[in-house]
């Protein structure tokens, strides 16, 4: 027996050990971004082509699709494989099958070094919403991280799978879950809980097969209080009102604490007894356009006739009703800071000054009372991934003390300009991958905006990393030190004046890690990134041709020759009945072989056979026709399209 070149068998003759074979490490960069629509992103890329061309990759040719040119700018020589996990792509399935039209450059025309997978929304009534896509660039088939299988229906739950919110890609070294989770507002809270449970169950199933898991995407959950702007954090009112509660590191006479303890029960009782959902017409101050919305209304304390409006208007009546119901059922529920301020001001007439708000915003003075913006059950779900399943939040592992680092903002109310947001986009890896997580190198760190505008004290001391943990630095990064101006209330983007090219190009700054500050006109979300290292593969691995994988690549599906001819003037099949029957039999055999090959990864193949069988047959049937010399096409046709 031999280990690392050294003989472990007996023998009197000494054998000099040979040098162990060292397999070089190879980088994999994982990039996750809610793009808020691939079509709109592509349009913005084209609009800002001059700024992007200033840092353009010379390898991009004039015929390269705009989206590929943009993604190319995020590639780097140190990472042979880059995985772009995109959420909320908003593309319908028919668009992914068309080689012409405005969507063709999104699904087609990418160079051969790219592999692209989609999970579009297939839920009637929501077509054109949701959707996730994974674009993988690999320099060679021996580079770790390239895809060998994919699955767009992983939950074995038709209702959840058709939402287009989860896409699995098997990269051999790990299995990646690209997720756009439902939000928690209104009735969607129930579907979110089901989705989270199904997601966790599937990740555990994959681990049970000896695989390592990476979860990326928009989870629509801010994990801890530090991941949420002070206005959107939740106060544990029940704990605050308990007689034995104490404020650590703060004065018991803090005005906000005294006011809540004195007035909260009265305010909530008044809200529940007199509250109602009413229609409200809003008018855009810029365009004059009116919108019919819904809002909560109640009577203030010590008033018999008047009424006050509460919170922000909602487009959907059910959202207002669900919010009112939650207060009615749990009067002492954890409450958002901005809602607490609103209720005390409008119902009790108590308006806090800036010193009081400063005390309230400083959550570290009394951390037990503050939670993330989301309810306990959802933030605790992330706790369970970390504490019970052993996953690592790659951002917090690298930047445990960074304040104000948010990934999502309400662009219609200029919140990014104030850096008022939440961190809801994540890259979580299994603890078994902790040694693969690449540590920060050299000047890598969080962006602090325009480097030329750093505070003088930071420049003198040269301690940029300490400054990067501050809210001031995070706000500078979010606005590129003021270069991104506030958005008009029409919701037309972050200002009408084009930002300087340097601000647009800053997202490609190689010193950034953890969060990539993509410009606000690109999306209301920022991108997040993590870098891992794996040993290079000894052999090439090919993409599987099983049915589930084919379903994730609708842009590669070809109509069968039968379908081609049946769509013409003569509706009769080009095959005789016996030939067609044999071809279908062979196609079914091919399906079976495909499932057997991927049984370790796709455990719910039977439940998905109906939805994706046509994708498999589309390639199997013409191949059988070719073998029987029935309408034999050119060989290069199949090499190119199957």
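First residue shown is number 1, and so on along the chain.
Positions of Cβ are set from backbone N, Cα and C atoms, glycine also.
TrEMBL does not curate its annotations; it predicts them automatically.
What TrEMBL records for this protein:
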DOMAIN    32-232  domain 'Endonuclease/exonuclease/phosphatase'
BINDING   34, 88, 218, 220  Mg(2+) binding site
SITE      220  site 'Transition state stabilizer'
REGION    575-642  region 'Disordered'
COMPBIAS  598-619  compositional bias 'Low complexity'
COMPBIAS  633-642  compositional bias 'Basic and acidic residues'
Environment of 34, 88, 218, 220, the listed Mg(2+) site - residues of the same chain whose CB lies within 8 A of the CB centroid: 87, 180, 181, 217, 219, 408, 424, 425, 525
Close in space, distant in sequence - residue 88 (Mg(2+) binding site), Cβ under 8 Å, 6 or more apart: 34, 35, 36, 37, 129, 130, 131, 132, 180, 218
Other C-beta atoms that fall within 10 angstroms of the C-beta of residue 218 (Mg(2+) binding site): 25
